[in-house]
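Engineer: The following block contains the structure, expressed as structure tokens.
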Amino acid sequence: MIKVKALSYKAGGKKLLDNLSFDAGKGELLAILGANGAGKSTLMKLLCREIKPFSGKITINGKELDNYRLQDLAKTRAVLSQHNTISISFQVNELVLMGRYPHFQQKPTVGDFKIVQQVMEETGITHLASRDYNTLSGGEQQRVQLARVIAQIYDSPNACLFLDEPTNGLDLQYQQQIMVLARSLADRGYCVICILHDINFASRFADRIMMLKNGKKVAEGLPVEVINCENIHETFSIKVKLMECEGYTCPLVVPATILK
Amino acid sequence: MIKNTGYILLILTVVLVLTMVISSCVGAVQISFSELISIIAYHTGLSEHQNFEAQQAAVFLNLRLPRVLLGVLIGAALGVSGAAIQGLFRNPLAEPGLIGISSGATLFAVIMIVLETKIFKELTGVIGFYALSLASFIGAGLTTMLVYRIAMRNGKTIITTLLLGGIAINALAGAFIGLLTYMATDAQLRNITFWSLGSLGGASWPTVTTLLPFVLIPVFGLPFLAKSLNALALGESQAMHMGVNVKVVKRIIIAMATMAVGASVAVAGMIAFIGLIIPHILRMTFTADHRLVVPGAALLGAALLTMADLIARTVVAPAELPIGILTAMIGAPVFIYIIITERNKNNP
């Protein structure tokens, strides 16, 4: 689905991404881990075509990113950005309907409304339908935004979904909900690429994990393969301990300082 | 909500037609509704009967109708451009007057008036009027781009910067207008005063027909961008992710909105707050969806300005109140109200 080849990006003479290659397939949830400034956000912007790479190329479904018409691209990939502040008051259902914008010209079809309804049910926000977005809590807002993003690619089975730190600023319950949703979307066949900060969430929900440092790949593979003290120290410059957990293939990661 | 947009627009159209009829009937020469119908029927050849006085017909056709139409056009222009600019800046407080666009347009119009005797002497009549519209259009366009540059950072409007930028531009334009006033002759001075107060007193058939394209293009064009405006409300990169060609859309919105503001400033001077209040009323009453707010703002703006003009020309009859004073008197308190609600919403 997504192939990234020898991707580099420079800004102000500094290499933010350095010869990065990876791919992610249909039905796969790829988590990207890395410290602040590792190049995760730059990678996300490149994947979304917000910025153009210095060298290298990105293809989605065999077609180079640059060759997509903007509207077709919108039907092929959806993006949940990190910051979603809205100063004009929209109702929740109006906002979710915006996800269908690439699909209709002036008037939404019956099908569009149906999809909006279904997505709202699946994300558990039907009861918020006529609420003003700005009066919702952070967790509710994030679910509404996710619903909008899902609506955008709901009827495109080969689409990709980019999530930029989707659990940021949410409490545990909402973090969990968002990750369960992300997982179910991958299970439904989407290719989901997700930037995360929580290593344990990544190992629990992702099929594969890629770790970045200074724009370079530290490790990539199945959670059991890459979650180890060396890789984590290399990526985050902290010492951690691994704790085996029953019924759980990948060990839990705990900062060493906590255990003293 | 979304499904009855057409219904709401229909009601707003009916309201607009009603205000036009009332405004046509009321004034120094009273015309009753049946007389109005008779005048229209007689002059469109539908009826042979003349159930009205000749003076009434003359007043209606030569004075009142162009004035009502001018009010409709300018109200629509201000309403629709206000809605579009608020969408573009992603903020309900952005208004052509507040953020300096109108004063930019006024400055260029004043420059035109004062320099007219020297450079633009040949450009009289309709061409001269077009030149004035063009000048204020350029003024509006330049200030919009300037304000946009000042207030945007990483695809977001910094609202304090936007409003402070507006204050600065208003001050600068004010200073230059002051300078030009100082240089102006008596006749020019009277013209300049007219700009700064805002009035529909200059209404005539030529002004209506010349203004027409500058208003119709944005009024019928901007609703097609309503979807993009909604998407832009989420943020520029979010809009791009949804398939909106942000660069192109922004340029078209700026061009159309400044066209409307520039032309209306050229004809009627500064009429403040219409562009602020109208979209706000629509958002409060119905929805923030630009598919309603943009065309709705044109209709409601037209109705409200026609009504305000009726008050302006009757309340101190036989004299006439500049309409800009009236809209500011109503608009400023509404503005304060909006600020307070925004404050309560953001800092509960």
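Cβ from N, Cα, C; glycine included.
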Engineer: In TrEMBL, which of B:19-41, B:203-225 is tagged transmembrane segment?
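Structural biologist: Matching range for transmembrane segment: B:203-225.
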Engineer: So, do the transmembrane segment (B:68-89) and the transmembrane segment (B:319-340) meet, by the test of 3 or more Cβ pairs under 8 Å (sequence gap 6 or more)?
Structural biologist: no
Engineer: Under 8 Å between C-beta atoms and at least six residues away from its ends: which parts of the chain pack against the transmembrane segment (B:319-340)?
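Structural biologist: For the transmembrane segment (B:319-340), the far contacts come to 92-93, 98, 194, 196-201, 268-274, 276-277, 280, 305, 308-309, 311-313.
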Engineer: Count, for each of B:160-183, B:252-281, B:293-312, the Cβ pairs lying under 8 Å from the transmembrane segment (B:127-148), and report the range with the highest count.
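Structural biologist: By the under-8 Å Cβ criterion, the transmembrane segment (B:127-148) pairs most with B:252-281.
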Engineer: Any contact between the transmembrane segment (B:293-312) and the transmembrane segment (B:203-225), i.e. 3 or more CB pairs below 8 Å with pairs at least 6 residues apart?
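Structural biologist: They are in contact.
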Engineer: State the non-local partners of the transmembrane segment (B:160-183) in its own chain: residues 6+ outside its ends, Cβ under 8 Å from one of its Cβ atoms.
Structural biologist: 89, 91, 93-94, 98-100, 103-104, 106-107, 110-111, 114, 143, 146-147, 150-151, 153, 189, 192, 196
Engineer: Same-chain Cβ contacts of the transmembrane segment (B:203-225) under 8 Å, 6 or more residues past its ends?
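Structural biologist: Contacts with the transmembrane segment (B:203-225): 62-63, 66-67, 69-71, 73-74, 76-77, 80-81, 83-84, 126, 129-130, 133, 137, 249, 252-253, 256-257, 259-260, 262-264, 267, 290-291, 294-295, 298.
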